[in-house]
Amino acid sequence: MGPEAAGPGRGAAPRLQVRTWIEPVVAATQVASSLYEAGLLLVVKASFGAGAGAGAGAASNHSAGPPRGAPEDQQQRAISNFYIVYNLVVGLTPLLSAYALGWLSDRRHRKVAICVALLGFLLSRVGLLLKVLLDWPVEVLYGAAALNGLCGGFSAFWAGVMALGSLGSSEGRRSVRLVLIDLILGLAGFCGSMASGHLFKQVAGHSGQGLVLTACSVSCATFALLYSLLVLKVPEAAAGSGQALSAGDSVAGTVGTYRTLDPDHSDKQSVQGLHPPSPGKAKPRRTIIALLFLGAIVYDLAVVGTVDVMPLFVLREPLSWNQVQVGYGMAAGYTIFITSFLGVLVFSRCFQDTTMIMIGMVSFGSGALLLAFVKETYMFYIARAVMLFALIPITTIRSAMSKLIKGSSYGKVFVILQLSLTLTGVVTSTVYNKIYQVTMEKFIGTCFALSSFLSFLAIIPIGIVAYKQASWLQYGDVRET
């Protein structure tokens, strides 16, 4: 990375620049989150009387015996109903605070949204720890989730992370920087998920099962909060957009990927003497941002629905996973962060940004369709492998939008995007859980088939963006219609 933080002397600059890195906060937070997510699922499963499920799941990766009937179905419905309410609380409570935190971050201090959201993360992890330690009812977790949401939740945290990542990088390098943050998030989530099942089994045979797992989650969340408060520094804004573009041209392949979404860029690249830029003509920024929003929301519907149903799917026949297998399955999901990062580095050398977005959508849609027909554990991992580029669309859309807005509006716009995704995700979670309850005895893969359809449907607005992009490159600029 280039020297984006200025200091009084050359010796002090590298040290100051290291303190502007958001990656340690992202890594610690994601380890805490992956431990928490696995712990939440396993604790809730145990709370709803998982006596029938754990032993059979430990014996094999799939059930070879007769169906376990009503008790398993009742447990699945109880877990599903818990997550319906839980996801509603997690999704709706940030609406009261996340936008305000984004506004404060833009006008007061960039760390406000991150620090307040991390405080909420810590409180929710402490809530799960107390539930395990004191054997409280599962309804306590709704209150812990509400505290997390009132502090901004993931919407405020991730918007703050994206704002700091965008602010501290030049426009040319921003695409790779944001995907690198996602890579760190994926690696941390992979490590946490791999360890989660083993940590959960450290205290077994009584209500304290999961104590070690939840304590580790609280420790990581505490570290992230203290680091963001005491160590993290806000990076100084990178050079002006024009200079950043010039500097970025020296980075082979990866730089020009997202830049063509900016209508002004087509003016800069137009052949001299052919359609010179006209300052009086309006540029269709709002249209493109709206299309990107639409594509992101429809695609996120597919992703959220799949992610919400998958934990229930792997606990039930035909897979019937145990605690360790659940952790491994979650870890497999985090490898998508790694493969998507590598995909951006490779595809950006030969494809436009819209093409990369569509590749990611096809990857996820195909994997979700395969997931609908999974009968064995190895088939599950094959389906997950097909989803290897599933992260590219949302990350690329965020990067593209950052090129179309002013730096002073990063926090606000990213919060609006994240809240839109969160709000639609809440509705999706409720609908998908209800669909799963109705169809799990007839065709358990119904939700995955629906996600596949939505993923391919999301390609349409991105295709329109690609068409408009081709018009810019051909004619130099266009009028807003």
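Any Cβ shown, glycine's included, is placed from N, Cα and C.
Judged by membrane topology as recorded in Swiss-Prot, Glu23 shares a side of the membrane with Arg108. Remark: the transmembrane segment (114-134) makes no contact with the transmembrane segment (447-467), by the rule of 3 or more CB pairs under 8 A. Proximity of the transmembrane segment (180-200) to the transmembrane segment (327-347) is established through 3 or more Cβ-Cβ distances under 8 Å for residue pairs spaced 6 or more apart. Looking just at the topological domain 'Cytoplasmic' (398-412), the mean pLDDT is 68. Beyond the topological domain 'Extracellular' (135-143), the same-chain residues lying 6 or more positions past its ends with a Cβ under 8 Å from any Cβ of the stretch are 40, 43-44, 47-48, 82, 85-86, 89, 127-128, 207. Break the topological domain 'Cytoplasmic' (105-113) down by DSSP state and the numbers are 5 helix, 0 strand, 4 coil.
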